[in-house]
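Chemist: I grabbed these lines from TrEMBL:
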type	residues	note
DOMAIN	11-259	domain 'Nucleoside phosphorylase'
BINDING	S17, R60, H61, S93, A94, S201	phosphate binding site
SITE	S182	site 'Important for substrate specificity'
BINDING	M200, D224, Y225, D226	substrate binding site
SITE	V237	site 'Important for substrate specificity'
Amino acid sequence: MSPSGEQNLLIGVIGGSGLYHLENLTFVKEVNPETPWGFPSSPITIATLPSGTPVAFLARHGRAHQINPSNVPSRANIAALKSLGVRAIVAFSAVGSLREEIKPGDFVVPNQVIDRTKSIRPVSFFEGTGVVAHATFGDPFSESLTKVVVPLVKKALVREGEKSIDVHENKCLVVMEGPQFSTRAESHMYRAWGGDLINMSTLPEAKLAREAELSYTLIATATDYDAWRVSETPVTVAEVVKTLRANADASRHVTVTILEDLHKAVAGGAGVEEGSMQFSIMTAKEHQRAEDRAKLGYILPYFD
Ligand SMILES: CSC[C@H]1O[C@H](OP(=O)(O)O)[C@H](O)[C@@H]1O
Ligand SMILES: Nc1ncnc2[nH]cnc12
């Protein structure tokens, strides 16, 4: 448990568009830690599963969806979750589909990312300090956590007597700068690059989780076909919102169904990002400023 941490809290859930709270959990309390990077997007809810296991929940865009994807305080969000003792993050996101076979309503657990954000978001905890570090990011999502999550999501979405929701894995997500959606030309270009999905919010969130040595996996829900289908109109918010409500209900169901097993897996060692930054720091200790060490010590043990 971290100094300000919650006993036995290991899993943090970040809710995206349409997912502003969880249901069927027992509310414990709300916390709003001020981090060296400011306050998180919303107060963080601590709730327990039926077994008594605690989980943390944070609404990425705020509970009233008042924070634009370019302005999400991702550093504060990740730092706040880490300060509570969270070791693994399950993030949810509403995404556009760049592939015919990924239909609105489908769930996708991607394994790769293409960064099309435009350097207007703070992307590193080391930014603004005199400490230089380069995190390894070849596999942007925690492979071991993803390996646990995929079968759990598939199992959670099997519906008795009904068609099950399709779950795709090993897909590539393009993260673009919003808030406007893509042009048709961009949408075609992303497909040619190998993109399968598109959203506006997984970066820098996943990069920051890696810098803070948190395991991070994404459960994406497709809401639309973006702008690449020649005979269809390009994506609109109305179209996204139409699918969003059903997707959010399914996401809430998935969350409460998988969290117990996920907690056990993380307690048992799944998610191996802890220690991953140890050899990423270039600036020798004797050249690091005390104030930078204090700030970075909030998220990493190498600055104590
Ligand atoms: C409401 S459509 C665009 C918006 O939806 C996604 O948000 P999130 O990833 O938080 O679910 C996408 O990234 C955009 O921010
Ligand atoms: N088509 C799209 N582009 C970017 N972000 C999205 N979120 C949901 N659909 C999207």
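Using the three backbone atoms N, Cα and C, a Cβ is placed for every residue, glycine included.
Please situate the listed features within the shown structure.
Modeler: In sequence order, G16, S17, N199, S201, T202, L218, I219, A220, T221 make up the list of same-chain residues 6 or more apart from S93 (phosphate binding site) whose Cβ falls under 8 Å from its Cβ. In the three-state DSSP assignment, the secondary structure recorded for S93 (phosphate binding site) is strand.
Following the DSSP three-state reduction, the secondary structure of S182 (site 'Important for substrate specificity') is coil.
Under the DSSP three-state reduction, M200 (substrate binding site) is assigned to coil, being neither helix nor strand. Proximity of M200 (substrate binding site) to non-local residues of its own chain (separation of 6 or more, Cβ distance below 8 Å) is seen for P69, S70, V175, M176, E177, G178, P179, given in sequence order.
A simple way to gauge crowding: the CB of V237 (site 'Important for substrate specificity') has 13 other CB atoms within 10 angstroms, across all the protein chains here. Classification of V237 (site 'Important for substrate specificity') by DSSP places it within a helix.
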Chemist: Spatial neighbours of S182 (site 'Important for substrate specificity') among the binding-site residues R60, H61, A94, D224, Y225, defined as Cα within 10 A: which are they?
Modeler: none
Chemist: Please report the Cα separation of H61 (phosphate binding site) and V237 (site 'Important for substrate specificity') in Å, rounded to an integer.
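Modeler: Rounded to the nearest whole number, the Cα-Cα distance is 16 Å.
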Chemist: For the binding-site residues R60, H61, which Cβ has the most other Cβ atoms within 10 Å, all shown protein chains included?
Modeler: R60
Chemist: Over the domain 'Nucleoside phosphorylase' (11-259), what does the predicted model average in pLDDT?
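Modeler: Within the domain 'Nucleoside phosphorylase' (11-259), the model's average pLDDT equals 95.
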